[in-house]
Amino acid sequence: MKTGLALAGGGVSGFAAIGVIQALEEAGIEITHIAGASSGAVVAALYGYGYTPAELCNLLPQLTWRNLDYDFFSFFSRLFLRKSTWNGWIKGKRLHGWIEELTDGASVSRFRIPCGIIATDLKNGEAVVCTPYALPHQTCLHDIPIATAVQASFSIPFIFQPVPYGSYLLVDGGISCNCPVQIVKNLGATHVITVDTITPFVENRENRFQSSLSILFHVINLNLYQQMKREHKHADIVLHPDVGQVGALSFRQSVHCVEVGYHYTKERLPEIVTKLQMEKKPIEKEAVCTP
């Protein structure tokens, strides 16, 4: 059996996927294929490169506001001097550098398991899959550096600047394919589990809109919600960890999201194992997070 994960984006809440993977591994469920968009791409790329869930959780404290390199110069030059264009608040170079260091500057050909990082070509709105494999009916980039692929997939328009690569202008993969179920199947998985933290947030009628930025992200989430409902129909199992009110860039809540994903999946394990039609093969438990 080849079990794949489709990791949806959702800002920091998407890091709940780390806890999901930890719980699945403890139950003896081997993840053989993976793909992700936006924050899901961060998890998919690092897991695909060989990091364990515990290692990923220990890396999260490194991801802070200091990783966000604001391009104030371009903004004010455009606003007051009209000397340059402005296409986003955050350059994304620091995020690129962080991923580049963690992956030794490797290209997507170095993934240890079949993995796809989803970006969107801003020129035509089509999904671009960063993977060493040729996939049917998909535009694929086979040699792109992992760091560049993740930077592109995480580049939320207006917030992050687009990433030029060859003839492409790449932005957030969630725009075109936030829940890459079919892509995971095309990579070779026979069963697909999807992790989506956006749906419970959108369906929560007590959402508080305290700023223009929170309203912007909610509008984005509403569109992703409708898009993902179509993808969910093709998944074998759909997981919806509810992390609560977590902002898209609230990095301090990253570990909280991991813990929610872990405990949520532990509760769903009997159902998951039954659906996958396999026996549980517990492995030695490894702490999700260390102090």
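From the backbone N, Cα and C atoms, a Cβ is placed for every residue, glycine too.
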Looking at 36-40, 91-95, 196-200, 266-270, which stretch does TrEMBL describe as motif 'GXSXG'? 36-40
What residues in the same chain, six or more past the boundaries of the motif 'GXSXG' (36-40), come closer than 8 Å to it by Cβ-Cβ distance? 5-15, 17, 116-118, 153-154, 156, 172-174, 177-180, 195
Going by DSSP, how much of the motif 'GXGXXG' (9-14) is helix, how much is strand and how much is coil, in residues? 4 helix, 0 strand, 2 coil
Enter the number of other CB atoms within 10 angstroms of the CB of SER38 (active site, nucleophile). 29
Residue counts (helix, strand, coil, in that order) that DSSP gives for the motif 'GXSXG' (36-40): 2 helix, 2 strand, 1 coil
Looking only at C-alpha atoms, tell me how far ASP172 (active site, proton acceptor) is from SER38 (active site, nucleophile), rounded to the nearest Å. 6
Is ASP172 (active site, proton acceptor) helix, strand or coil when read with DSSP? strand
